[in-house]
Amino acid sequence: MRRAGANMEEEGIVGLGLRRRTSWRERGSRSGGGARNADDSDLILRKTNKGCAHMMGMARCSTFSSRLQQGSKGSDINLDFLQNLQQLCSDSDSNSRLAQLDLVSPATFDNQYYINLLSGEGLLPSDQALVTKDYQTRQLVLLYAQDPLAFFQDFKISMLKMGSLGPLTGNDGEICTNCRFIN
């Protein structure tokens, strides 16, 4: 995986010495909490970081099949994108098929996700809704698509805030010695 953004660990942005869960499964189930007090940029970035919106990776056809239905065609989906997805997911074994969440830069952490949303190429309905359902979130998508530095800066701030949600204390979890691996 390549990153286009600044290295947060080297810049001292990511807090070191924090307790974390000891398994990937426990980390994935960690509650997001505090959403009522978050502003729109926090919500978009939290949505992006907590698995509701997806900047990188792949999804099974079954997770976005509602976007492929004839009746759901609308101004929110790029027709070429739709046709490519329909072709990929047309076989009987389509539930085992995977589509890239970002067709342009699938292995790069960058702001292409937001550019894709503006082009009607959000794979999952919840992702595309960031552009189509709310004026304020659409404005943030526009900002992040046009200004990668704004995206990276807000992403860093959001990561710091998320790191302080429901911190582990006492004997729970572990102090990580290398943030890339479980001790």
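Positions of Cβ are set from backbone N, Cα and C atoms, glycine also.
In the predicted model, the domain 'Plant heme peroxidase family profile' (35-183) has a mean pLDDT of 80. Positions annotated as domain 'Plant heme peroxidase family profile' by TrEMBL: 35-183.
Look at TrEMBL and you will find His54 tagged as heme b binding site.
The annotation disulfide bond is assigned in TrEMBL to Cys61-Cys89. Mapped onto three states, the DSSP output places Cys89 (disulfide bond) in coil. Listed in sequence order, Cys61, Ser65, Leu68, Arg97, Ala99 are the same-chain residues at least 6 apart in sequence whose CB falls under 8 Å from the CB of Cys89 (disulfide bond).
Taken from TrEMBL, the feature Ca(2+) binding site covers Asp102, Asp110. Secondary structure from DSSP puts Asp110 (Ca(2+) binding site) in coil.
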One finds that other Cβ atoms within 10 Å of the Cβ of Cys61 (disulfide bond) number exactly 20
